[in-house]
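Here is what TrEMBL records for this protein:
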- 298-309: compositional bias 'Acidic residues' (COMPBIAS)
- 321-332: compositional bias 'Basic and acidic residues' (COMPBIAS)
- 123-251: domain 'TFIID subunit TAF5 NTD2' (DOMAIN)
- 59-79: region 'Disordered' (REGION)
- 298-350: region 'Disordered' (REGION)
- 380-421: repeat 'WD' (REPEAT)
- 453-488: repeat 'WD' (REPEAT)
- 495-526: repeat 'WD' (REPEAT)
- 537-578: repeat 'WD' (REPEAT)
- 579-612: repeat 'WD' (REPEAT)
- 621-653: repeat 'WD' (REPEAT)
Amino acid sequence: DRQTLVAVLQFLRRSNLRESEEILRREARLLGDDLGGNVATVATSSPGVAAVAAVPPGKGEARGDCGVGPSSRREPREVGSSCAARSLRGSPLCWDTRVVGGAVVVEDQPDVSAVLSAYNQQGDPTLYEEYYSGLKHFIECSLDCHRAELSQLFYPLFVHMYLELVYNQHESEAKSFFERFHGDQECYYQDDLRVLSSLTKKEHMKGNETMLDFRTSKFVLRISRDSYQLLKRHLQEKQNNQIWNIVQEHLYIDIFDGMPRSKQQIDAMVGSLAGEAKREANKAKVFFGLLKEPEFDVPLDDEDEEGENEEGKPKKKKPKKDNVGSKSKKQDPNAPPQNRIPLPELKDSDKLDKVMNMKEAARRVRLGPECLPSICFYTFLNAYQGLTAVDITDDSSMIVGGFADSTVRVWSVTPKKLRSVKTAADLSLIDKESDDVLERIMDEKTASELKILYGHSGPVYGTSFSPDRNYLLSCSEDGTVRLWSLQTFTCLVGYKGHNYPVWDTQFSPYGYYFVSGGHDRVARLWATDHYQPLRIFAGHLADVTCTRFHPNSNYIATGSADRTIRLWDVLNGNCVRIFTGHKGPIHSLAFSPNGRFLATGATDGRVLLWDIGHGLMVGELKGHTDTVYALRFSRDGEILASGSMDNTVRLWDAVKAFEDLETDDFTTATGHINLPENSQDLLLGTYMTKSTPVIHLHFTRRNLLLAAGAYSSQ
């Protein structure tokens, strides 16, 4: 309206922003206005007032029709990852941009939005329903190719219009608006709408974090330029400023040049609390390759050679072992520098373990569609204490359960019993020079199959063995993470940093570091010898429900109840990837052994596959009918196993899922992902339990699949 325009023009004049004033005048056709005649175009140079981005000649001309009033905003055409376009869409109040002397004026002073915030709330509350139904009618009557894209506007506009009505205390209008339109929203927003329906007064909004986030973080929509122009023209013709203000103020419209996306393509990517990820969020370089393994010789035991002779094929396995040793000697071009983050030195016992690992690997079964793994299921019977977490050591010798009665229970799954170290008095009597000193320090009197660890004061939600099997982590509802010694079966440290329940914790594949995530919406990186966290990863809009280290330990993936997965750089704490597409809280994460891919599972029963390097979704595995709580790749990455609350373990062909990926520049730039219609041809097998939800999966070093869960009698 004219009053707003005059206010803005006067403000621009006072702030000496002549160029912006001139541009706005031309847009609003107010050239001969009483504010003064023509204004000379002057490039501003005061700090923080206008960002000026150079545009290559010929590439920066702005296109589009001239509109009326503040609802006309034009985008510069994107040039690569054009900072001009990004800042333009990011700031709540931007008018048309023009190339002036080879530069684009991009950002207005932040105070402008403060000046105008008074006008923002002044829409007639009785017209909100009319505005919304008018837009709904327009979108439903538009061409199919635009309808799918523009339909993304329904949900964020619905929420913001409802919140605006509640905020301005038009309670009856808000109630009527909600009842009329909440049924039109996509089914995956039902949980959010339930929260929203309980906010009926302005006071309710203050304490509700989810809604505060919704108001403060911009909802991201990815729309093609054609669809955006169509929407803009419609809102201008209808003089529908109320909706346009919300679009400007609360939505971030990520515009791309090219074909609009189909309904399937959009459905695959949307569903998170704050819309899709901005394309810029997934542009940073990620070193997803594996670190070079330290080189050491693999001695061949006599018994190994004898065993091979007996089988009548003496020399078969030797070259294979050398291959295992030499496989990782070549530096992976995508690997981070070896010293990018400090990693612990290998101890002699670690080297010994690596040698054992290589020997086991030589006997590993090569899996594939024709050769599926055997599955061994550990069922926890009579677990009335409520089994809440499981982990299995890398060498598959021990299994741990975290329980709702706050205990942590460790079992030995080999004939070797669990023993504690002798008391100090007894240790002083031992001959330290003897060869079997490591055996002698163990107290045979303490040998048992099961050890129970007491210390937490609430349900234990996550457990993790250290790679060297000397330590065990557990995290709990009591807000602490505890480190236990598996030599003495006592608690060594309680790490206090989270103020609320901690949902998951995991050791780094190299030990020493570990990560935890909880109800306070952040993940924390710790080192075992520090009381305080080394890094705090903040950005999720809801609980961090699961955490995983990348195989090279330089990155951490976190899954959240905000329905997104984020990848964080351990070195600097930056978020380098945001993956959206799940329709429910994330409960499982698994990196492929080569570090290139990530598999994620959620309450929506879908398993999604992501290409980390390109930041793209590359697969969707449908089949589970309930939350996917466990995901694990086989040791060589040929098979992905998923376990769910629907009492099944499913095996998927990972090689086929990741081959011939179309990751051309266009797909990467616009997110036009093409997922196969049917994931059933990737499903290699489904294995039911009688009545046991699967909460953990683990491939042994020889590729036997271990699964675990507690029998439920319902």
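Every residue, even glycine, has its Cβ placed from backbone N, Cα and C.
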Top Cβ-contact partner of the repeat 'WD' (537-578) among 380-421, 453-488, 495-526, 621-653 (pairs under 8 Å): 495-526
Helix, strand and coil residues within the repeat 'WD' (453-488) as assigned by DSSP: 0 helix, 19 strand, 17 coil
Integer mean pLDDT for the repeat 'WD' (495-526): 94
DSSP-derived helix, strand and coil totals, residue by residue, for the repeat 'WD' (495-526): 0 helix, 19 strand, 13 coil
Number of helical, extended and coil residues in the repeat 'WD' (579-612), per DSSP: 0 helix, 19 strand, 15 coil
